[in-house]
Amino acid sequence: MEKQDQTSREEILKKIMDSLGQDGVPSKTVLVGEAGIGKTWLAKEVSQRVTQEKYNVLWLHLNKKIEDEKSLYEILAAQLSIIYEFEEGEEPDELDYPLESLKEKIKEEMIKHKKDNLLLILDDEGSMTTEEDVMQELNLQDFLKEYSAVKILVTRRDEREEKESTTIKVGPLTEKESLDLLHDAEDLLTSFTSEDWPVLLKRLCDNKEIKEPTLMSCILSKSKGLPAAIVVLIKSLNSIKSMSAKQRKIFKELILSSKSLDEAAASKNAIDRSRYNPVLQLSYELLKPDETVKRPVIACFWHILDFYKYSGCAYYRDLIVHWMLEGYFDPVKSVDKAYQEGHSILMDFMNRGILKIQEDNMVVPEFSMSNLLDLQDCGFFGRSSLGFDRVYGGDKRKGLGKIILIDDMIQTIQSKKKNITTIIASGNRLRREVHGKFFEKPEMQDLEVVVLFEPTFHELVLSLSKLKKLRVLVIRDCDLIDNIDKLSGLQGLHVLEVSGASSLVNIPDDFFKNMTQLQSLNLSGLAIKSSPSTIEKLSMLRCFILRHCSELQDLPNFIVETRKLEVIDIHGARKLESYFDRVKDWKDYKGKNKNFAQLQLLEHLDFSETKIIRLPIFHLKDSTNDFSTMPILTRLLLRNCTRLKRLPQLRPLTNLQILDACGATDLVEMLEVCLEEKKELRILDMSKTSLPELADTIADVVNLNKLLLRNCSLIEELPSIEKLTHLEVFDVSGCIKLKNINGSFGEMSYLHEVNLSETNLSELPDKISELSNLKELIIRKCSKLKTLPNLEKLTNLEIFDVSGCTELETIEGSFENLSCLHKVNLSETNLGELPNKISELSNLKELILRNCSKLKALPNLEKLTHLVIFDVSGCTNLDKIEESFESMSYLCEVNLSGTNLKTFPELPKQSILCSSKRIVLADSSCIERDQWSQIKECLTSKSEGSSFSNVGEKTREKLLYHGNRYRVIDPEVPLNIDIVDIKRSTDLKTEYIAKAEYVSIAENGSKSVSSLFDELQMASVKGCWVERCKNMDVLFESDEQLEKEKSSSPSLQTLWISNLPLLTSLYSSKGGFIFKNLKKLSVDCCPSIKWLFPEIPDNLEILRVKFCDKLERLFEVKAGELSKLRKLHLLDLPVLSVLGANFPNLEKCTIEKCPKLKAREDEPRIGARITDEISEDQPHKNTIGPETQTPTQPTKATDTV
């Protein structure tokens, strides 16, 4: 490390003080250093020191646009407490001073201090405003002339030579300074330490990478002396209090890894690899919410960095509103609630140090994080609706004005002299206003910004068309709009969004003729077939977003005048085909959009899910133009472009980071030149294409992190990829013809995930067994693979899966050193014994050996103390398991079905008594069917092995015979329950199942479910699954009065019924009380039922009905309301004609093949949140299908037994 980098902060401060020189002598000092290095902190220290002497100090944060003298002197006056920034309830006009008056007051205030010298600090110079701007253009230099010696201290990130100034370069912290910053967090770091971390720390220390085997020493090393990295991490750890397993894993990967791995991490996670900082990266990763939590935190994070880059610092309230405008909190039912969510995120950012506050409630991000790169995300434009921060650009004349949240609306702080200029409201709030009159009020006539979420009145367009001063108009999710012609007169618009208006089928061709200032246009979710050609003339247009316009058949010609475009996003325009025009034949094509080379500012291009058959050309060179490259384009997204046949010359895209053509099933050609000059390409995804080969130039994409070729069924051989030394993920699963992968993997030291499943490989790639950092090796269903090499060097391997490799007979070497393994799946292989020393892997969590028919015995597994899942189902020759499982306290699932075991291993008491544990014994000779009622005695009396004798009476309640099947049918079944299966009513005796809460009834001869419940004395059933019961014509027929006497509140919450041919009713007319608390109902293949309920089940939240041939209506009432129903799925109900209820709070709705169900004016209306398109043949185009495809939480399922 250079000597300069070891300069202490105290030494730098001394240099600065020396450079200021003697009193009475003007001077200029410039502090230069990267973002987050501490320049502003040093400036504050200097200001404190000189203030104690004879100095006045003035600060100017130049990370905001200062465009006029008035703004400049208002900033200075606020510092001197002459004026104050407005707060809620204040009227800004009362605080307003004329410019000359402001200057005089500033002078008077400075004279009061009786200090002869002045230090002017220009912080973050050049980010939004320059020194020249304020000193010369805004005449600050003249204003300060009466000070004979003005000393100027400038901080900036870039280094440039200047005359008559002293430049001091600020380097990293010294080791002692870093430790001082970390000192207060020592106890916190100790509390986060995992049990295996001390071993890793010792290894790093032994290798001389850190001085002491502590987390502090590790963070010190990885932080590279960047104070911002240390501060943000410590604040983040304090904020989260505890880390999830996923966060601990990331911590371990980023902080407890060898420095030799940082280069690959930099390639993946940093824009400028030389400035990659693992500690900053960790702080970002800790920001990500749990996968089950859908908060827009990450979108907001990337927005604040983009905002600062283009608009500078922001007033905190404005920043939250910008997040709302970008759609991060959609759907917005209440502006108040959306704002509160944004405020919560903003405070979290501040608590973590990601946002910092300046004077006047202005906030700035920790800009050192702007070097981060998250290729897993869709990018700023991929998640934003407007890109409004780029339109605004820090110019307060183009912003939102001074706004306030009041009465569930955001509006301008209203003064006595001026009208409201900004209104942001939801449809729910506007319902309280008189329709058609709200925007005609006198105080609304100067409106410049109008943002409406889900408005619901018809006169909207007419009212808005009269507001001629509008700059920003956003109408989001308004189904009632079918015509916007009158809005064409709003000539001053900079931003226009009309999205989610599924009834809008046409926009006049001349609509945009006079909107010459338009910069952002979002027409997503419309039913338009053609985009107005006058868009071509919008020379200031930056954002063109038409996502999910499924009827769109053409585009404007972007090469006419729209040269400033930064994003073109037409994702989901499924009818856009041919050549971006409505022509059907090449001879009719006139060259529209043939070449995009003139769009030199384009960053994001998304053609996903369109039917385009070609891409535009990206280079142009003629007598007047030389556009040989498009250096700004970073994302080219072509997912599911099913008619795209070839990739053209992509060489001009020199800074492309992501090329994604996954699902372009007709893609058959990729030119060699496509991958030339791709030094910045990080992700290449050609999955599910028809490419017969991969271009040889792949070898030159040296910084590639992910190579994804899943399900490329025609590729037989891959060219050498051994030069891709930064590769981390390599996936060729499903390439069924792939026989050979050329080149050696020996130098791919960063590779951590390899998937070779379902390929035709007979051996693994050369030297793949030497990759010590490999974490996942997945080789499922490689039917030609007979042997594997010695895997002893894969010391970081965590997942090893060779299931379905039916010819695999041998795995060489020992697993003794693979201490990180936590999942091993050897199912359906030809192995006669387990790999050597696998029984020594104390961290193993899953051992899955399904259908290993040659496996006769297992080694002693007592050391697998962390085992969670143990599955040997279908191992027909397995007749013995050595020793006891009693020490496996984490054990959750044991599947012994279909084995030849005669005895059962002793299970841990803590495990088997936990309500979330399952034992599957079906088709196992451990226990005979007629012995279920004496299961404890049966196991105890066996002459060999252990018994359940030590686990107590509750054991019997935790045994699962067949109910596991319902996890496959219905993935919303929670993980932490056991389903007791009653295939015949005599299988289990009453005493063992009376307390069951979840029960399945299959192929049972009983006439009703209630008779079974009575027979088995089951009074606390919460979930019931019923199928293939041929005699049942009614489910529940017990008397309602008797039910009420048994329980004041019935327990049944979930009911799933299928294949009941005689069922005509869910309950008799006197038995409906049992459904009082029902939340979820699924009815499938019940051909005789005509209606579901005579009364409204008030607590129903989810309803799915399909394949019921005689079902005429859902509810046998004239009209009712299911206020709690969130999800409705109706499929193939040929005579259903009436719903019979209103669903005001419906969130997801799918109605398919219900030909008689026609929307009528007198039909109770589905809630406004849903656009309920009913179709005979097609699913709703804007809804998600049955929730079985997207469960609310992941569920584990073993094979059906």
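Even glycines carry a Cβ here, placed using N, Cα and C.
According to Swiss-Prot, the features are:
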BINDING   GLY33, GLU34, ALA35, GLY36, ILE37, GLY38, LYS39, THR40  ATP binding site
COMPBIAS  1162-1180  compositional bias 'Basic and acidic residues'
COMPBIAS  1185-1201  compositional bias 'Polar residues'
REGION    1162-1201  region 'Disordered'
REPEAT    469-491  repeat 'LRR 1'
REPEAT    492-514  repeat 'LRR 2'
REPEAT    517-539  repeat 'LRR 3'
REPEAT    680-701  repeat 'LRR 5'
REPEAT    703-725  repeat 'LRR 6'
REPEAT    726-748  repeat 'LRR 7'
REPEAT    750-771  repeat 'LRR 8'
REPEAT    773-795  repeat 'LRR 9'
REPEAT    796-818  repeat 'LRR 10'
REPEAT    820-841  repeat 'LRR 11'
REPEAT    866-888  repeat 'LRR 13'
REPEAT    890-911  repeat 'LRR 14'
Checklist entry - In the same chain, which residues outside the set GLY33, GLU34, ALA35, GLY36, ILE37, GLY38, LYS39, THR40 have their CB within 8 A of the centroid of the CB atoms that define the ATP site? => result THR155, ARG157, VAL170, LEU226, PRO227, ALA228, SER368
Checklist entry - Least buried of the binding-site residues GLY33, GLY36, GLY38, going by other Cβ atoms within 10 Å? => result GLY33
Checklist outcome for this item: Over the repeat 'LRR 1' (469-491) the mean pLDDT stands at 94
Checklist outcome for this item: Least surrounded, by Cβ count within 10 Å, of the binding-site residues ALA35, ILE37 is ALA35
Checklist entry - What are the DSSP helix, strand and coil residue counts for the repeat 'LRR 1' (469-491)? => result 5 helix, 5 strand, 13 coil
Checklist outcome for this item: So GLU34 (ATP binding site), by the Cβ count within 10 Å over all chains shown, scores 20
Checklist entry - Do any residues of this chain, six or more beyond the ends of the repeat 'LRR 3' (517-539), have a C-beta under 8 angstroms from a C-beta of it, and if so which? => result 385-388, 390-391, 477, 491-511, 545-558, 560-564, 575, 582, 1182
Checklist entry - So among the binding-site residues LYS39, THR40, who's got the most Cβ atoms within 10 Å? => result LYS39
Checklist outcome for this item: ALA35 (ATP binding site) falls, by DSSP collapsed to helix, strand or coil, into coil
Checklist entry - By DSSP, what is the split of the repeat 'LRR 5' (680-701) into helix, strand and coil residues? => result 5 helix, 3 strand, 14 coil
Next on the checklist: Please list the DSSP helix, strand and coil residue counts for the repeat 'LRR 6' (703-725).
Outcome noted: 0 helix, 5 strand, 18 coil
Checklist entry - In DSSP terms, helix, strand or coil for THR40 (ATP binding site)? => result helix
Item to check | DSSP helix/strand/coil residue counts for the repeat 'LRR 9' (773-795) | outcome: 0 helix, 5 strand, 18 coil
